[in-house]
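*Asks:* Let me give you the structure first, and then I'll get to my questions.
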Amino acid sequence: MQQSNGLQSRPHAGSLPPHVPRHLRTAAAVAAALQGLIDASPPRRESQTLHAQLLTSGLGGAADLSVNVKLLVLHLRCGSLHNARAVFDGMPKPTHAAHNYLAAGYFRRGHLREAFGVVRRLAASTGRLDVFTLSMALKLSAALALPGAVVAREVHARVVRTVAEPDEILSAALVDAYVKSGSLGYAQRAHAMMPVRSVVCSTALLVGCMNEGMFRDAEAIFESMEEKDVVAYNAMVEGYSQTEETAEGSLEVYKAMQRAGFRPTLSTFVSVLGACSLLSSPELSEQVHCQAIKSSLFGDIKTGSALVDMYAKCGQVEDSRRVFDHMPERNVVTWTSMIDGYGKNGLSDEALQVFGEMRRRPDVRPNHATFLSVLSACAHAGLLSLGQEAFQSMEGEYSLRPRMEHYACMVDLLGRFGSVRQAYDFVRGIPTRPNSDVWAALLGAATLHGDVEVADVAAREVFELSQAGRPGAYMAFSNTLAAAGKWDGVHDVREMMKRRGVLKDAACSWIGTDNPPLVD
């Protein structure tokens, strides 16, 4: 058996070398010594030394399955995946337990494809998978986001054929795998067929329904749960907090969980603060802020970042900055939220000042979201040269390849404050095909400046990429043609809108309303 560090296995002990400890001269003694090291907390990092002694003694050979399994486990406990794999590969016929230990070790270290390969190997070699292996296969399927729910359906079939007693962990993993592979219908059927539906299993389906905007289904699952835990409540709070239309539901569940005796967690506060941001309600924001202060979670970086974002979106940028300045620790999300808050509130100079301070710090680096906020701030204030410098620094200084949203922001900036032709040349220089956002930005600039030729090019691209999804683009092009007196073109655009079922955007207004307290 080949081993790492140049160690070679020996086929038989023969007469044991004198340097081999006496307590390692029988297989039972070796197994006991290995178990002692495995059970130590933290594990004693003597696996490589002991492995070398076993190879010298001949007791660590391929035939000693029990010894090798324990040695594999010890290597995993000590964090040596390479040595654990070497032991596994040296076993002529690895046991079921050896497969499970190695797969779990890979999974815990984030080596998902390697873990999946071990599970596949076990299925191919024995055809038999226990509950642990089936659960592992489902977790890997969900984590790898494997398309088509192929693995989940295969495991489901094995469960029906071979698993006699329902298992809570396996059931929850099955529903979760279906949900994360985008097969919500399969998840619902699997959930409905379970004789006993655990909180974990029902919560997994609830999250899937929320992610798909199926709020009534999620509500029905939540109401049907005989027992609810804080995770189930948090799933509802987070699900409702994703849209302005459902944000008030997030606050209602937040109040309900407290009435039920559950204390808000970090996840709860972050979701509720997000809901307050969507509702643009300073009163509710201050109530949640006070509750966060009373909890032990106020100093957490996630809570602080959510408060910075919330106050900025409610128009209270001074309160946002006050929270920002008093945070003991800040990450890229915190800095980006502050930059974005200033930019969205028309304070572009302050946004760029914070960005400059961020760039000078060694403990944080801007990401794609940061640069989008910076470019947006530049576009709002017409800071063309600063926007160009920031855009160029993405790849030049931070090795961040611009995404389509960055290109669209630059097109808007160039088109409105540079020239339409400059913006058009910029679009033509994008290394991949621009999406409808980029062309819509160019169309907006061409409409602003009355450039019918560029508007025609941009509109055709938008119409091809998003036939019915951008009614504003149709109206912008129609208005550009009308301003130029090209009434035949206007008629053609209106007819195209009718054929494609494109409706003009309806205007709307939103104002704040009186809000009830968050604690009854």
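Each residue, glycine too, has its Cβ placed from N, Cα and C.
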*Asks:* What range among 1-20, 341-360 does TrEMBL record as region 'Disordered'?
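*Replies:* Of 1-20, 341-360, TrEMBL gives region 'Disordered' for 1-20.
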*Asks:* Let's see if you can do this one: DSSP helix, strand and coil counts over the repeat 'PPR' (229-264), in that order.
*Replies:* 24 helix, 0 strand, 12 coil
*Asks:* Who are the long-range neighbours of the repeat 'PPR' (300-330) in its own chain, taking Cβ under 8 Å and residues 6 or more past its ends?
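*Replies:* Counting only partners 6 or more residues beyond its ends, the repeat 'PPR' (300-330) has Cβ contacts under 8 Å with 266, 269-270, 273-274, 276-278, 280-282, 285, 288-289, 292, 337-338, 340-342, 344-345, 347, 364.
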*Asks:* Is it possible to list how many residues within the repeat 'PPR' (300-330) are helical, extended or coil according to DSSP?
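*Replies:* The composition, in the requested order, is 23 helix, 0 strand, 8 coil.
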*Asks:* What average pLDDT does the predicted model assign to the repeat 'PPR' (331-361)?
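*Replies:* When the pLDDT values over the repeat 'PPR' (331-361) are averaged, the result is 96.
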